[in-house]
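K.L.:
So that we are looking at the same thing, I have put the structure below in structure tokens.
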Amino acid sequence: MTARIGVLALQGGVSEHLEALSRVGAETLPVRTPADLSGLDGIVLPGGESSVLDKLMRLFEVRDPLITLLRAGLPAYGTCAGLILLADTVLDAAPGQQSLGGLPVTVRRNAFGSQAHSFDTTLEFGGIDHPVAATFIRAPLIVAVSTETAVLASLDDESIVAARHGNLLGTSFHPELTGDDSVHRYFLEMVLAAKNG
Ligand SMILES: NC(=O)CC[C@H](N)C(=O)O
């Protein structure tokens, strides 16, 4: 059995996620309208610019139906800006910027400084049996998590870069730019587990 996983396609790095999800065996769909949300088993919120994504989700009337689906348990994976969209609390948000929320973590936008602080590394990732390739681009950091949130990856003891709570997964980094599909495979497993109850 496979799963139908959408990628929010209003701005940011969409095609790399669609390709990685296809490679691990998901059925994929770019999501631009409220109608595109129907029948999804999961959704990826890509990197890009979280304050722009927030505005575009309102403009395209995707924000409210997406919040309803997330609160009802739709599995979601946010990378970088997408993690910011899922976080309950956002530090250094742009004026007026709001997240969708649901993932009980606090993130700090642009926590590594400017574009010059973009870098590649590999990370131990809970639930994946090899170090995962990770690209960081003007990335947020997870600076606090609720007690029931699982920390899946960190750069050091204080720098959390991947977390999961229930059906919601977020990473500060972009696995879709590395050729390492293991985090997408991990998310597909989450989606299939939720779908099969
Ligand atoms: N690569 C990214 O997604 C960068 C995120 C961006 N700095 C933001 O605040 O939304």
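Each residue, glycine too, has its Cβ placed from N, Cα and C.
What you are looking at is a predicted structure, and each value in this text was computed from that prediction instead of being measured.
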K.L.:
Among Arg4, Arg108, Arg109, Arg164, which residue does TrEMBL name as a further L-glutamine binder in the site formed by Gly48, Glu49, Ser50, Ile137, Arg138?
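P.N.:
As annotated by TrEMBL, Gly48, Glu49, Ser50, Ile137, Arg138 share the L-glutamine site with Arg109, chosen from Arg4, Arg108, Arg109, Arg164.
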K.L.:
Specify the nearest of the active-site residues Cys80, His174, Glu176 to Gly48 (L-glutamine binding site), where nearness means the distance between Cα atoms.
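P.N.:
Sorting the active-site residues by distance from Gly48 (L-glutamine binding site), the top entry is Cys80.
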K.L.:
By the count of other Cβ atoms within 10 Å, pick out the sparsest of the recorded positions Cys80, Ile137.
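P.N.:
Looking at the recorded positions Cys80, Ile137, the Cβ with the fewest others within 10 Å is that of Ile137.
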K.L.:
So which other residues, same chain and not among Gly48, Glu49, Ser50, Arg109, Ile137, Arg138, have a Cβ within 8 Å of the centroid of the Cβ atoms at the L-glutamine site?
P.N.:
Gly12, Gly47, Cys80, Ala81, Ile84, Asn110, Ala139, Pro140
K.L.:
Could you state, as a whole number of Å, the largest distance between Cα atoms of any two of Gly48, Glu49, Ser50, Arg109, Ile137, Arg138, the listed L-glutamine binders?
P.N.:
13
